[in-house]
């Protein structure tokens, strides 16, 4: 007789055993899922490793959220800027030359470039391991570090861009300039210095960040998304103020005066990021104002991608001097010079400046 007078039939024993096996199965599968999540093998689709600081893209590529990429890009530019400022204020730059530019000037590099590059690159690479990242400075594998993002999107970004903007990770290329205007940085001309991040999708610039480390001003924008910066209310198209590189202002001045007249003003400045901000409504007293940005020589894509994205998001244009759109895939530089404008007839300006590219090759 069974205990307490209960008699179990063969069918009851079988049901009891099946229930027991079911309980054991669920307990064991839950244990395995927990173990897998610790190694990044579980989690939501497209979410990478579980946990608040895990990658924002799945291990097999998947998709990335451009809104998240913007948040990380802003943080990367600021973190890089902190390194740039710290090195400059220490007055120990460890300055050296990487070689010569096409114009024969020293292509300088400092500790500020290197340390900013490390912070910016690894913050973006840890958050988005599946995307292609191009940066001006060499990334040394021996310096590798994991810099985690807390997955928080700032309120100003959420206010402008309310919903996620997902794109295939394989379509994304990131361009980093860890210290724009290195020459001016070594001369302690701080207002020209910026750190920049750009995200291109299928070669088209879609989001840009330009950060000024010494005034702590940051401009960002996403094409068809939102921005924290805007165009000025008016521009002078007839006799514009033209911002150009300090190294070849004389080349541009001669042609500009012939094109727009003797009232045209040429503003020599350092740094492509600074020059783009000169076209916008920027609340920084050290920032000069211009109506056009012209560049006549070879330039690298990490110098201009962020500015291109910001101008495009605000309805402006950045093209070669012949009016061609710039693709941010393939090689890291462009040969055709540069013309940037906003709230102007850009193609009419292109037609007015037929000889500037030739001027840059003299």
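Placed from the backbone N, Cα and C atoms, the Cβ positions cover glycine too.
Mg(2+) 2 is bound by 177, 180 in Swiss-Prot, and the record lists one more residue there from 303, 332, which is 303.
Record check, Swiss-Prot: Mg(2+) 1 site residues include 177, 179, and the candidate from 136, 145, 216 also listed there is 136. Of the listed segments 13-33, 34-54, Swiss-Prot assigns transmembrane segment to 13-33. Each residue in 113, 116, 117, 135, 137, 176, 178, 180, 182, 195, 196, 302, 303 lies on the same chain as 136, 177, 179 and has a C-beta within 8 Å of the C-beta centroid of that Mg(2+) 1 site, without being one of the site residues. Using a 10 Å radius centred on the Cβ of residue 275 (AMP binding site) and all shown protein chains, the other Cβ atoms total 30. Note on the binding-site residues 136, 177: the fewest other CB atoms within 10 A surround the CB of 136. Residue 303 (Mg(2+) 2 binding site) carries a helical DSSP state (H, G or I).
Listed in sequence order, 177, 180, 196, 272, 273 are the same-chain residues at least 6 apart in sequence whose CB falls under 8 Å from the CB of residue 303 (Mg(2+) 2 binding site). Note: the CA-CA distance between residue 262 (N-linked glycosylation site) and residue 179 (Mg(2+) 1 binding site) rounds to 35 Å.
Counting other Cβ atoms within 10 Å of each Cβ, the recorded positions 245, 262 show the lowest value at 262.
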